[in-house]
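These come from TrEMBL:
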type     : residues : note
ACT_SITE : A:86     : active site, nucleophile
ACT_SITE : A:196    : active site
ACT_SITE : A:198    : active site
């Protein structure tokens, strides 16, 4: 399966993401710069984490209006899988590709630590390698991960199974509504999540709980 | 030239942790009787055109497309 990683000024997790995709799929992803208006044929497009445009205005707001996002939207409409991690998730909500918004952490602090994640929907193209309700370890590092949506939207995404990951075992680090850590679009091909699965894929990271997500998305056997 | 001011504030019902922290800090400075504090953003924008109707239309579009996230924020526009 071919993948692509989007690069924008201020993103800094792109190299971790490229390493994870290369190790898990055996193929280096294509890199796509923000001004590009066409994306080559790939099965998975990843928007990695970081601080695009210095988090000016709102996290992800400027990046979401760059030309490459129109190309990503077009690909997503065709059914190509899109994954946004951390700032990538913020960019996807700012671009209107996922519902809701990501606000300043309730503690007002930047939080960098490991949390427990519950797989709330194991029937997506990103989570098939996991069991429903499985608890994963996963690192987080963000200042604005406090997921917000109005009551109507929350009840719709809950009802549709669009909540894919939740902070488990009282580890909600940011005040996120319903402990939401990751959501998918209605069609099931665009996933955004605050935690960093790319940073827990091999023994050297202290564990490989994040590997199943890439193995699922790239259709390779989880190791 | 038209000078415009756009004010963006959080919608009612959206928790504003920064506003809460400021509210607490005002209290600890000894300012009594401070009620709720909500933090927002102000944009001062210069427009080359002198056409106020066009300016209002353009500013509204700027708010909807970029300056405000209408999921969580309201905006208001004033012209000089």
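Keep in mind that glycine also has a Cβ here, set from the backbone N, Cα and C atoms.
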Spatial separation of residue A:196 (active site) from residue A:86 (active site, nucleophile) - C-alpha basis, Å | 7
Around residue A:196 (active site), how many other C-beta atoms are within 10 angstroms of its C-beta?
-> 22
Around the Cβ of the residue listed as 'active site, nucleophile', other Cβ atoms within 10 Å, all chains included, total 28
Within 10 Å of the Cβ of residue A:198 (active site), how many other Cβ atoms can be counted across all chains shown?
-> 29
